[in-house]
Amino acid sequence: MTQNTEPQSPAHTRVIVGMSGGVDSSVAAWLLKDQGYQVEGLFMKNWDEDDGTEYCTAMTDLADAQAVADAIGIKLHTASFAAEYWDRVFEHFLSEYSAGRTPNPDILCNKEVKFRAFLDYAVTLGADYIATGHYTRQRPLNDGSGKAQLLKGLDPNKDQSYFLHAVSGERIARTLFPVGELEKPEVRRIAEEQGFVTHDKKDSTGICFIGERKFTDFLKQYLPAQPGNIETPDGTVIGKHQGLMYHTIGQRQGLGIGGLAEFGDEPWYVAEKDLKRNVLIAVQGKHHPLLFSRGLVSGPVDWVAGEPPAQKFRCKAKTRYRQPDQDCEVTVIDGGVKVVFDDAQRAVTPGQSVVFYQGEVCLGGGVIEQTWRDNEALPARLEHQASEGSDT
């Protein structure tokens, strides 16, 4: 898929905008049309609603997207990527939860559906580029590689580069991000000024296929409960859980272990999952040492540029969305990276992603597999590599 990463004149450039029925993609489409591009919209259906529930909002979202397309004066296509979503995203989502990890399906959805299935389909419709309403930016490399850098959005409160880190530089180069140059209040102002029905629409939260449902209720439809004990680090049983998959590291709510007089009033937090024993380890106090990790090991890393900047380098990282950038040292190892943070990090969660930055440039990221604390032995995987490296 070779393509000049610098758009030709807008009048000769055809862009298909992924329109979700939300305010951000509405304004993205309007901005491009206002700039003179040949613009069409496409509404993606990524989840099969025929599951007997009332929680999906696809029909309402489609109606809103159509109303905005009509207001702008552009054609709106519709396409179903539900099969791709199930095969490439949802089955992995269930597999990770059943293994006791906490995945982020939005990241995989962007990689496999929004910037793969959608982009490939848009090309068949004659698109030169796609566009989305993500708060991020891209910068063509202009080095003949056909790639672009992924940059943070200008609005620090809305920057979504964390969720797009797994998209390749080639596909980033084929995408325009009009609202990445704006702050959210300005986007809403434009939508209201244009009379879009989406101007005051609530931002979507959570995972698209769950909607407003309680997460545990949704998960129970697909994964059977596996009850077990909740214990303190010294092995004292203080409660029961219905399944490790329903809990995440650092979680406070939903443990059902309040009112234990002998332990005082400090709240309890999930510190660890003992997968072999099916035990949830809980500690008291938001700043308990067992909630903090000095480092982590990731699985394979998706580098936006296709390769890491070096075998060992310093940069900043996030282990969750909207976390302030954290200083760290990254070492490339077999099958992933080792990350050592300058400051211990709270509630680093296997299954979530660690994403790397140098300035405004998002380098890429990978899924967190293991963590270790201060004064704790390195994971065996790292000890093995360290012993091999000591001979050099």
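Quick reminder: no glycine exception, Cβ is built from N, Cα and C everywhere.
What Swiss-Prot says about this protein:
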type	residues	note
BINDING	GLY18, MET19, SER20, GLY21, GLY22, VAL23, ASP24, SER25, MET44, GLY133	ATP binding site
ACT_SITE	CYS109	active site, nucleophile
DISULFID	CYS109-CYS208	disulfide bond
SITE	HIS134	site 'Interaction with tRNA'
ACT_SITE	CYS208	active site, cysteine persulfide intermediate
SITE	GLN352	site 'Interaction with tRNA'
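Structure with Swiss-Prot features highlighted.
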residue : record                       : CB count, 10 Å
GLY18   : ATP binding site             : 25
SER20   : ATP binding site             : 24
GLY22   : ATP binding site             : 20
ASP24   : ATP binding site             : 27
MET44   : ATP binding site             : 26
CYS109  : active site, nucleophile     : 25
HIS134  : site 'Interaction with tRNA' : 26
GLN352  : site 'Interaction with tRNA' : 23
Looking only at C-alpha atoms, tell me how far MET44 (ATP binding site) is from the residue listed as 'active site, nucleophile', rounded to the nearest Å.
12
Entries of CYS109, HIS134, GLN352 which, being recorded positions, have CA atoms within 10 angstroms of ASP24 (ATP binding site):
HIS134
Length of the line joining the Cα atoms of GLY22 (ATP binding site) and GLN352 (site 'Interaction with tRNA'), in Å:
26
What does the structure give for the C-alpha distance between HIS134 (site 'Interaction with tRNA') and GLY18 (ATP binding site)? Integer Å is fine.
10
Distance from CYS109 (active site, nucleophile) back to GLN352 (site 'Interaction with tRNA'), taken between C-alpha atoms, in Å:
14
Length of the line joining the Cα atoms of CYS109 (active site, nucleophile) and GLY18 (ATP binding site), in Å:
13
Helix, strand or coil for SER20 (ATP binding site)? Use DSSP.
coil
So, in DSSP terms, is the residue listed as 'active site, nucleophile' helix, strand, or coil?
helix
